[in-house]
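These notes concern the structure reproduced below.
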Amino acid sequence: MRLANRRASSSSPVWWRSSLHLLAASLFSFSISLIPSPSVSLSESTIAQLRKQLKSGDITPADIIKDLHQGMEKVNESLGAYISYDVEAALKEAETADLSLPLGGIPIAVKDNINVKGQPCTCGSKFLDENYTAPYNATSIDLLRKGGAIPFGRANMDEFAMGSSTENSAFFPARNPWDLARVPGGSSGGSATAVGANIALAALGSDTGGSIRQPAAFCGNVGIKPTYGRVSRYGLVAFASSLDQIGPITKTVEDAALVLNHLCGHDARDSTSLKVEVPDFTSALGQDLKGLRIGIAKEHFIDGIHPGIREAVEKAVKQMESLGATIVDISLPHTDIGIATYYILAPAEASANLARFDGVRYGHRAEVPADVENDKRLLYHYQKTRSEGFGPEVKRRILLGTYVLSSGYYDAYYVKAQKARTLVRRDFTEAFEKVDLVVSPTTPVPPFKIGAFRDDPLSLYLEDLFTIPANLAGLPAISVPCGMIQHEGVELPVGLHLTAKPLDEVTVLRAAHAYEQATEWHKRRAPGV
Ligand code: GLN
């Protein structure tokens, strides 16, 4: 194991920070309470455990839903995990649950940007507040239901999935169950909080630059972003269409495989959906790591990473080596341009995707005073609706995206970013000639205090350093708990990040499961919940 040496050979400590500030400068300056313990037991279980109890008839789906609901009623106000939930609808669905199905009678929370017919879908935005009820199901919801699952609860999120802390929710922030003064990560922070606090068995999230994996790491959960195109995006409210993927946040790797089995598959309604076989992801579980080559990139072990995170990840890599893996030094030389590339491409796509929120078709609609002249009414309506409906981060992204797409700047920013994306992708293609997996920390820093980055959005963007490349390259990646660190007087979870080549979720899950089973980290539950 040569990880310790990498510290000395790391490149400039601040290159990732400076590259981002350069980007910003070159564009324009833009502007505890303790959780009451819900004395529950079913909700503390994993899906795999509950399946057995359901099949034997010891419990019913309604028992699980009632147990979860009891917990939600007790702690959701302090945690902000759910924007809404409808226990009656879930109980009604439970009456006809087919327990012979793999997920028969298992309730699953859903991020509030994935459409479930008849339920709200706020996207964490006032724009879609009480004015929008989903008229159709996302394909992922249809597939989950086909597997027997029951969608239960709309999980809190950063507005339109833009953020890393869930502080950008237009309703209330979600809180980290390990320390209520801290963020649970984002943008799928409500999903991760709910799973971490045992008020969801599992939850769907969406991941454009890290939004499944980073909150999973912050809350001590497992979170997997599948290969781009594995899971249909139909019915997921689009943020950046070339990057968005739906995936599960769960308590264990086995549960992640179980849920993933019922999310994937070709869908003619999503033109980027892949026409490929879907393996049984649970078949990857229970194997050791013999013969597996794990790549450690020097660009991932730089100064600026919290020392406790570095130590936990180094230990995890050693453990994987002791389980039979071979550790290989690799280089991903374009890691440093990942964030800057993403923060051009994602806002560009967002500015186009969010144009549909115009006050005519969906959600919020501003009043136009009678004295506004006829020829100005349309523009007035559009401007006022969008000014009122979107929060500050969404406005920032739309402005940024519109700017990089505007004539005169398109080549300098958007086209250049597309070229940079190719370089990031190529790094991985070359690396995967030598290794089967790339392992790194999921995040450079532990969960931070709510409000810590309120006036510094650029520093918050740095959170995505290790997760964004998998989105840019369309690769499957997982975060799995790999330690606890003492930080500012509290104990906080650390995530290990594993990335594989396209469509190789099986290897990601196999390695994460072998590591998980050899450690106890996934058994740790947040205090007081
Ligand atoms: N934190 C990143 C952003 O703010 C990623 C968000 C996501 O994956 N949805 O854009």
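A Cβ is built for glycine as well, from the same backbone N, Cα and C atoms used for every other residue.
Just so you know, TrEMBL annotations never went through curation; they're auto-generated.
For Lys111 (among others), the entry in TrEMBL reads active site, charge relay system. In sequence order, Arg154, Ala155, Met157, Ser188, Gly190, Ser191, Ala203, Leu204, Gly205, Ser206 are the residues of the chain that are 6 or more apart from Lys111 (active site, charge relay system) and have a CB within less than 8 Å of its CB.
Around the Cβ of Ser187 (active site, charge relay system), 35 further Cβ atoms fall within 10 Å across all displayed protein chains. The active site, charge relay system feature in TrEMBL is assigned to Ser187 (among others).
Residues or ranges marked as active site, acyl-ester intermediate by TrEMBL: Ser211. Taken residue by residue with DSSP, Ser211 (active site, acyl-ester intermediate) is part of neither helix nor strand, so it is coil. There are 37 other CB atoms within 10 A of the CB of Ser211 (active site, acyl-ester intermediate), with all protein chains counted.
The domain 'Amidase' annotation in TrEMBL covers 65-509.
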Distance, Ser187 (active site, charge relay system) to Ser211 (active site, acyl-ester intermediate) (CA atoms, angstrom): 5
Close-lying active-site residues around ligand 1 among Lys111, Ser187, Ser211, where CB distance stays under 6 Å: Ser187, Ser211
Three-class DSSP secondary structure - Lys111 (active site, charge relay system): strand
Mean predicted confidence [pLDDT] for the domain 'Amidase' (65-509): 96
